[in-house]
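All remarks here apply to the structure that follows.
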């Protein structure tokens, strides 16, 4: 089989020239787009971090965590922002807004110090989404353009018969070497070797799996919700619940919660952490529930009978009624030894196996009191 070439038609020549031109444009334009995009993103990230750090000066020196959370929430409203955090000078996390896991995979960080005169109160870090959308769109357009030109050139060559396939005379096969036959036993050995490689590939896939997360839930029950539904008109009830949900959202953001779900007679606040740190979501759920109980007793002169229960992910028990003002732990949460070092609780005979939280230990009690005062002023 041989190929015989004739004169190429003008359309195919034009298409090939356009393909070469598109390839040159791609080689010249894409690197410039990437460089320009990264430079613009760097200027944008540094400016955003510096501006937010300047706004956080007073709140940082006053240790106003609620105001710092409000500043970070405003930062998150800017385009391409994945995460915003504030650390003190000892690199301890004070407040955070955004998705930490998503930012670690797809983000670029920019940090600015929080400075008043010659003193540094901490550092504000902003994580932005990597610059890739424009470059990807240009590459997609050029790829489609080149593919279309290639199809036009191929069609033109086919229609003009510029390329012909000429059959060559048959060749003698006298000297062709014969392929040795493979025995059945050899084939079986190859299949066995391939099967032995499969577990290794599965093990490698398991090793590359993401880190397992554990969850804890703070169920906030409004015990008199049904009675309020009967006593209040729809507008007043909706306004009251909207303000309650705003409080829940602020507390959830303050303690880095991952979700808020509406239940039949209350709300569930969801907290998660790596499985290597199972006590952390339980403690954050307990702190959040304590703040909600103390803060939402009365909204616009309407009394709310708020109770809360902290449930671990593997909870097997449920509680239909939580006494107003009580913060309960389910049996799994009550067995957590780290949690027992941060708050005092005891078994409630009438609600067994649930434990009632009596008080938070220092310094957590003072920190919660300070946060409660700031949240009350905010609302």
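Don't overthink the numbers, they just go from 1 along the chain as shown.
Positions of Cβ are set from backbone N, Cα and C atoms, glycine also.
Those TrEMBL annotations? Automatic predictions, nothing curated.
Feature transmembrane segment, per TrEMBL, maps to range 138-158 of the set 117-137, 138-158, 159-179, 180-200.
It is 12-30, from the ranges 12-30, 31-49, that TrEMBL records as transmembrane segment.
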